[in-house]
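Down below is the structure, laid out as structure tokens.
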Amino acid sequence: MEDDAKKLEEGLHKKDDDLIDKKVTTSSDRNGGGDVIAHDHEDEEMKKVDAVAPLEEKEIKGEEQPVLVVKQKSKRVATLDAFRGLTIVVMILVDDAGGAYARIDHSPWNGCTLADFVMPFFLFIVGVAIALAFKKIPKINDAVKKIILRTLKLMFWGIILQGGYSHAPDDLVYGVDMKQIRWFGILQRIALVYFVVALIETVTTKLRPTLLAPGHTSIFTAYKWQWIGGFVAFLVYMITTFSLYVPDWSFVVDEKDGPKKFLVKCGMRGHLGPACNAVGYVDRQVWGINHLYTQPVWRRLKACTLSSPSDGPLRKGAPDWCKGPFEPEGLLSSISAILSGVIGIHYGHILIHFKGHAERLKQWVSVAVVLIIIAVILHFTDAIPINKQLYSFSYVCFTGGAAGLVFSAFYLLIDVWGYRTPFLFLEWIGMNAMLVFVMAAQGIFAAFVNGWYYESEDNNLVSSAPTLLVKNHTKLLFFVTISRNCLQVNWIQNHVFIDVWHSERLGTLLYVIFGEILFWGVVAGILHKLKIYWKL
């Protein structure tokens with residue numbers, strides 16, 4: 001009898017759990033506090049869970065009783081918040097300490113450094129969040145409208161923050177010459193990937209199965225349209241990269257003696273070097289050469305500077321292309337970046353369909369290992385080198401696999417073993433990722449603090465720089481890069497960290513860790529306690 005009662009009780013609880021599971025409709029399980037990088041769905045129905053109260057004794061005896069429905073907050077997937085927070089932290093670290101430690105800054109061309117993981121990690125997060133946010137879609141038309149609106153918001157903020165309009169944090173001015181505005185950047189790439197991946201997820205909602213068929217590949221076949229979309233992006237990128245003819249091109253640089261024109265000889269196809277690749281050619285044709293990033297990382301190559309891999313003056317006799325512009329978040333490379341979003345959404349689908357921790361980890365780790373093996377083979381055979389600037393296929397695989405492994409490790413530590421406390425500050429930052437991205441990574445808060453100076457703009461608390469080159473956007477971008485790495489007058493950094501440790505490199509690193517990352521972790525924690533999030 002006791003065994004029978006125990007089985008009956010387990011069966012009832014199982015039914016309850018199933019019913020709860022069927023009623024759950026979350027937006028990335030409320031991950032990200034509604035910020036743009038988190039991609040929370042905005043439907044109120046996707047923000048709550050209907051929980052069924054335990055069945056009483058009369059129901060066990062067969063008497064019908066009304067079901068008590070209680071509204072409660074949905075459960076967050078802490079791993080996704082922590083992973084998003086980690087990505088923001090790494091971005092701040094490499095942006096502000098990369099000048100002191102060139103090895104963590106973006107690779108000058110082929111290869112992969114710490115900074116090169118930031119963008120694909122963001123896109124991986126976008127994919128996971130989309131899978132969770134669009135797990136159930138009540139009205140497809142409404143979902144499509146919201147996808148379009150969010151995409152436009154991302155584009156707008158991307159142009160404002162990285163198009164040249166904002167000169168934060170080094171100059172107390174704003175505005176940009178429309179002849180030289182930079183049209184593409186980090187948020188614009190995220191917008192494009194989000195639009196494509198979320199749209200495919202939405203329009204194929206009626207084709208998705210509620211239950212997976214048996215077999216190891218069922219998760220792939222169940223979401224074949226997402227993978228077909230990724231394969232189309234792969235084909236467009238590969239065919240264009242290796243078949244498009246790249247002609248000679250020229251550009252003008254303002255030098256001391258006045259404007260000087262430079263010519264880069266190309267006339268080839270399938271080139272994967274800095275000067276004559278199809279990625280740069282597409283951007284020059286689509287956006288125009290005056291609208292590209294003027295300080296590409298290839299300037300730190302040995303062919304361009306004796307200070308390689310650090311920034312430095314161009315060496316005598318450096319190739320003309322060393323002075324040329326290149327868009328690291330360009331159009332063709334952003335098409336390739338769609339694959340990073342597809343990998344992320346696959347991990348989100350696994351999270352939805354597989355309930356056991358072991359099965360989830362098995363799926364995630366196996367995919368990650370396969371991706372890394374593919375990348376290593378392609379890179380070391382020189383077939384397709386790992387290259388962030390080109391967003392090569394090997395780069396997609398390597399960083400996608402790395403994202404999968406880090407995500408799996410976080411899941412094991414936080415959601416399985418319960419070691420959540422050490423990662424709380426990452427969760428807080430992850431829940432307000434857009435706020436920290438804008439205020440810290442884009443220097444808006446530092447610019448606000450700089451606005452309160454004493455007698456001269458140079459005498460401020462955070463950082464300052466001369467404004468001789470503000471009128472020229474091209475020169476301004478060059479100057480901002482130099483000022484951040486070499487000439488920055490930074491009172492807190494200099495007097496609180498560098499002077500104490502008697503090391504500019506170590507002082508800079510400690511300032512970034514304690515003066516920026518830790519500071520924004522505390523701010524994000526306070527905002528979380530106050531339930532304040534930046535929603536976009």
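Placed from the backbone N, Cα and C atoms, the Cβ positions cover glycine too.
No curator has checked TrEMBL annotations; they are predicted automatically.
Annotation source TrEMBL lists region 'Disordered' at 18-40. Positions annotated as domain 'Heparan-alpha-glucosaminide N-acetyltransferase catalytic' by TrEMBL: 76-218. Residues annotated as transmembrane segment in TrEMBL: 82-102, 114-135, 147-166, 186-204, 225-246, 331-352, 364-381, 393-414, 435-454, 509-527.
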Subject >> Listed stretch, out of 225-246, 331-352, 364-381, 393-414, that has the most CB pairs under 8 angstroms to the transmembrane segment (114-135) >> reply: 331-352
**OP:** Look at every Cβ pair spanning the transmembrane segment (147-166) and the transmembrane segment (82-102), keep those 6 or more apart in sequence, and say whether at least 3 of them are under 8 Å.
**Re:** no
Subject >> When counting Cβ pairs under 8 Å to the transmembrane segment (186-204), the leader among 225-246, 331-352, 509-527 >> reply: 331-352
**OP:** Mind checking which residues of the chain, 6+ beyond the ends of the transmembrane segment (82-102), have their Cβ under 8 Å from one of its Cβ atoms?
**Re:** 31-32, 37-38, 113-115, 117-118, 121-122, 125, 300, 309-311, 406-407, 410, 414, 423, 425-431, 433, 436-437, 440-441, 484-486, 504-505, 508-509, 511-513, 516-517, 520, 524
**OP:** With Cβ distances under 8 Å as the criterion, find the stretch in 225-246, 331-352, 393-414 that has the most pairs with the transmembrane segment (364-381).
**Re:** 393-414
Subject >> For the domain 'Heparan-alpha-glucosaminide N-acetyltransferase catalytic' (76-218), residues assigned helix / strand / coil by DSSP >> reply: 88 helix, 3 strand, 52 coil
